[in-house]
Amino acid sequence: MTASSGRLLAVAGTSTDVGKTVVTAALVASARAAGLAPAVCKPAQTGVGPGAPGDLAVIENLAGAVTTAECARYPDPLAPETAARLSGMPPLDRTTARVAVDRLARAHEMTFIEGAGGVLVRLAPDLTLLDLCADVGAPVVVVVPAGLGALNHAELTVGAVRAHGLRVAGLVIGSWPADPDLAMRCNRDDLPRLTGTPVVGVIPAGAGALGQAEFSRRAPSWFDRDWLARELAPTAPTATTFAPTAT
């Protein structure tokens, strides 16, 4: 990222189906509410055929029209590298992905990069999301589930991000039910202590079913206000813990 570029923030998950797309949409809505012009890059989309709506369409349905870039698409619901190999299609090119992110960042104040599955899932034989983040200098928000297994997966993911020399911008719980069980409540308290990374956002269960206006109105309240201000600002100090209401 050059000095003339906007800010970057990658959205990664501890695994698949943890809420990355809804979190990305909520961040887009929050950036727009802060007066910024956001963009989203999806380096690799799988499980969606040509012309069918993918994750970027979901983001636009929730947060409104936004500039997007999808670098590669494969029909099988598999890791991108595997899906490319089985389909006989070329794998995602690292330079193509890097250039796509750079172009968005040069033209927009805030660019989000949504991963596919976990942080070490192969986007191509020689490429993971963390490799791309290192290429473009993007810090990483880690989306975690609320229930059992979250602690182990979060520690492993945060460790992998840091091992790549990247900043962990914070943890976001991807779906928080109205009546959380004991494990969920304990996890919410234990995640910052065990990972050394604060929980900076909690997305209420069912947020992805909200209409666009309601989603956009409520999205900023799902994140720590001070954290949003820092991450959307020209420079971003380390985040601190907060207690979101997830309403």
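Each Cβ is built from the backbone N, Cα and C atoms, and glycine gets one as well.
Please treat TrEMBL annotations as automatic predictions, because they have not gone through curation.
These features come from TrEMBL:
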| type | residues | note |
| --- | --- | --- |
| ACT_SITE | LYS42 | active site |
| BINDING | ASP17, VAL18, GLY19, LYS20, THR21, VAL22, ASP55, GLU114, GLY115, ALA116, GLY117, GLY174, SER175 | ATP binding site |
| BINDING | THR21, ASP55, GLU114 | Mg(2+) binding site |
| BINDING | THR46 | substrate binding site |
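Calculated from their C-alpha atoms, the gap between LYS42 (active site) and ASP55 (ATP binding site) amounts to 8 Å. Counted over all residue pairs in ASP17, VAL18, GLY19, LYS20, THR21, VAL22, ASP55, GLU114, GLY115, ALA116, GLY117, GLY174, SER175, the record's binders of ATP, the longest Cα to Cα distance measures 18 angstrom. For the pair SER175 (ATP binding site) and GLU114 (Mg(2+) binding site), the Cα-Cα distance reads 17 Å. Long-range Cβ contacts of THR46 (substrate binding site) within its own chain (separation 6+, distance under 8 Å): ARG73, TYR74, PRO75, ASP76, PRO77, LEU78, ALA79, PRO80, ALA83, ALA116. Fewest other C-beta atoms within 10 Å: among the binding-site residues ASP17, ASP55, GLU114, that description fits ASP17. Same-chain residues with CB within 8 A of the center of the THR21, ASP55, GLU114 CB atoms, the Mg(2+) site residues themselves not counted, are VAL11, LYS20, THR24, ALA25, VAL40, LYS42, GLY54, LEU56, VAL58, ILE59. Straight-line distance linking the Cα atoms of THR21 (ATP binding site) and GLU114 (Mg(2+) binding site), rounded to a whole number, equals 7 Å. Applying an 8 A CB threshold to same-chain residues 6+ apart, the list for GLY117 (ATP binding site) reads GLY13, SER15, THR16, ALA79. Long-range Cβ contacts of GLY19 (ATP binding site) within its own chain (separation 6+, distance under 8 Å): GLY13, VAL143, PRO145, VAL172, GLY174, SER175, ILE203, GLY208.
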